[in-house]
Amino acid sequence: MGIYFRTLGHVARLGENLGIARDAHIRRATISGVTNIARKFKSDHRTGLHVTDTTFDGVKVRIYEPAAVHPAGDRRTGLVYFHGGGWAQVAMDDLDELMAYIPKQLGNVLVAVDFRLAPEHQFPASFDDCLVATKFFLRHAEDYNVDPSRVGVGGDSAGGNLAAAVAISMTKEKEFPKLKVQALLYPALQAFDFNTASYKDYGHLSPLTTDLMISFWLWYLNDDLSSLELLKTNNHTTDALKKSQFAGYLNHNIVSTPLNKKDVEFPSIEKIETILDPRFAPLMANDADVKKLPPTYVMTCEYDVLRDEGVAYARRLEKLGVAVQHDHYKHGFHCCLIDINTIDVAREAMENYVSYLKKNL
């Protein structure tokens, strides 16, 4: 898998340099092509499900419903799921097997959101689509025989980012039922510090290198990779920010000084102040909002640049009184869930994920 993703990166950069297409677009087209070929050899993952493509207030979604008849008067649970892929690299179809696995095991209704992708659609497009779809489903849950009080959000990688961002935003909504859970799989939660121990230790590893993760953030932020090296060396934040509560959200050993966002100065990078927006980087949410979050599941992997921010998020929620289950996989690596049938740690992780949802949704 590492060889495949590293080769894909070289091909994508070469293609962009030759003027064939954008790096992100080449990655997306290649992954979709490979996935479509693989799907032809294994097309039974939807067995036992009714799958419908539709729209929720203009946002494309895919609804997975168990085909088995449910007892009359007994409503199902629901999960709104956001796929990974760096907000840019992967389309919803590419993770169809993963998303079908969850409702087959749970017997619930899963709504997968086909949100707009970067770099052609920058922040907050992906977030906005996910929030709109979540609100629509909560408003119409009973139309799908789902109990609106038993609906959660979930996602992997960039999808975990979107799930956490939606969960934070929904704490401010009064007219909707509260989310039952947020269930995050190796989530991307911050663009504040790219020199954490996990970035230093594993930033050279495919499928998610430091350079690629920063590229994802920048495609999503402003579609300008010219500041990649500034972010890589943490020169996109000031000394004051590095000593502020925002740094403390990630590194709990920092004795932080409260800093008002209005007083923060940034280098001249377009939209860089967005790194403190919890809709973009959920770890940056203030304590008052974090305390209101629903019970939370966080999966982290040892061989993953995103490991430390997932760990920090789980610890922070727990410290603030949110019920948290944090599963860490010592032999796990980012993107391992792409093949839950042949990768042992991926299969174990998904079994634990489904088990959590069964108990808590």
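Counting starts with 1 at the first residue shown.
Positions of Cβ are set from backbone N, Cα and C atoms, glycine also.
Taken verbatim from TrEMBL:
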- Ser157: active site (ACT_SITE)
- Asp304: active site (ACT_SITE)
- His334: active site (ACT_SITE)
- 79-224: domain 'Alpha/beta hydrolase fold-3' (DOMAIN)
- 274-337: domain 'Alpha/beta hydrolase fold-3' (DOMAIN)
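The DSSP breakdown of the domain 'Alpha/beta hydrolase fold-3' (79-224), given as helix, strand and coil counts, is 66 helix, 24 strand, 56 coil. Across the domain 'Alpha/beta hydrolase fold-3' (274-337), the DSSP tally of helix, strand and coil residues reads 25 helix, 18 strand, 21 coil. Here the domain 'Alpha/beta hydrolase fold-3' (274-337) returns a mean pLDDT of 97 for the predicted model. Using a 10 Å radius centred on the Cβ of His334 (active site) and all shown protein chains, the other Cβ atoms total 27.
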